[in-house]
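Student: This is the structure I have questions about; it appears just below.
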Amino acid sequence: MSLKHPTIAVSAPGKVFLAGGYLVLDQEYTAFVFGLNARINIIAGDIHTTAGVQLTEIVVDSPQFLDAQWRYGYHLAGEGGGIKVTQLQVGAQINPNPFVETTLSYALTYIDRVAGHRPSHSLASARLIILADNDYYSHSESDTTRSGRFAKFPVTLSNANKTGLGSSAALVTSLTASLLVHYLPEDLFSIDSDKGKRTLHNLAQAAHCAAQGKVGSGFDVATAVYGSCRYRRFSPATLNKIPEPGVAGFADALVKLVDGESEWDVEVLKDAVTMPKGVVLRMCDVDCGSKTVGMVKKVLAWKSSNPEDSKTLWDELQSRNEQLIATLNAGDVAQLPEKINAVREKIREMGSASDVPIEPESQTELLDALSTVEGVHGGVVPGAGGYDALALLMKDDEETKQRVEVFLEKWAAEKGTKVKLLAVKGEMEGVRSESLDVYAGWV
């Protein structure tokens, strides 16, 4: 009898980087990140075969999109190389999905190593279904077929227009969590325990960085696991020690990294951020996501060539970020506009100094105008900035929401742009188990 759970569901939130963009790249500074109620959901279950038929296959479906099925074979590599995953052809061509494929290799390798000594353990074939809440993607009503939380989109996943809410980190985190919950008994992994969350965090960080091909700051994975938090990044060298999946020693190196508390100098403080009663964090979609990689490189080049000036600016921006969060924590709503504007002032200064449009003029104009709408305390261009979704702090009532929607409709018509208030809201909770009832019609 297998120890695994037959069919389970988990979800992980997206993120909005309210304060600490760019600063998060340096361990001297911290970031303040909020989770969102837009979630990436994964349902994991067995594949049922006829008697005598044995499969070693993982099937991954993303039924909201066209041609979105990936099939993978897997086997145990020699010399401690872990579980090697190979994409199988579906239809006329292979469409790679590096985030899914890498996560499978990492998660299955870890699972096989920690549970492999148990006689009842086996990595049986499984089917995974990915469902993304609608606000992860820009879309017009005419483009989609609505089905509650999960729209059907008439495009392939690669052609979907993301809204910048952190879908890759939420995907890797929820995918990793679903595999751990599905295959491992609760005495080896519990999604609700501190130890379980630490295991999930470390494993998802490793998989996400490998899938990206670089070591990022990790704030998006940390938020997907823990929810809203103050975050100080881990040393990039933490993840330099792992060979590729299938290469000798991969399994041992991965388990040592995931289970070794001393390896991680990351700091995630959940209690350091709160949202006052009656205030909500909302997002505006500006319908043209930024290419943040080039922007980050330019800002870091400026910092490197101007060490003294950049340190002075970053120290002051860190101080202003902390004052904004302290104001939120204290529930001092009247002070929010002043504190938000103080942060924005330094962000524009950094953008000007580095010649990077962190808060472009068009976004400045829109944020300034939105801040005059009754019930809106202010807003920022979150994260790395650019022409992405805006984050607003506003009164949490229907009247304010309607005023903002009317304002944006008028603004879009006058300026000839696409901008709208998303349904998504800030949320404190991170990864969690879900009831299968939520996914009726999709499973």
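Glycine is treated like the rest: Cβ placed from N, Cα and C.
Worth saying up front: this structure is predicted, and the values here are computed from it rather than measured.
Pasting the feature list from Swiss-Prot:
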- ALA160, ASN161, LYS162, THR163, GLY164, LEU165, GLY166, SER167, SER168, ALA169, ALA170: ATP binding site (BINDING)
Student: Identify which of the binding-site residues ALA160, ALA170 has its Cβ surrounded by the largest number of other Cβ atoms within 10 Å, counting every protein chain shown.
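Tutor: Its Cβ has the most other Cβ atoms within 10 Å: ALA170.
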Student: Among all chains shown, work out which of the binding-site residues GLY164, GLY166 has the most CB atoms within 10 A of its CB.
Tutor: GLY166
Student: Let me check the 10 A CB neighbour count of LYS162 (ATP binding site). How many other CB atoms are there?
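Tutor: LYS162 (ATP binding site) is surrounded by 15 other Cβ atoms within 10 Å.
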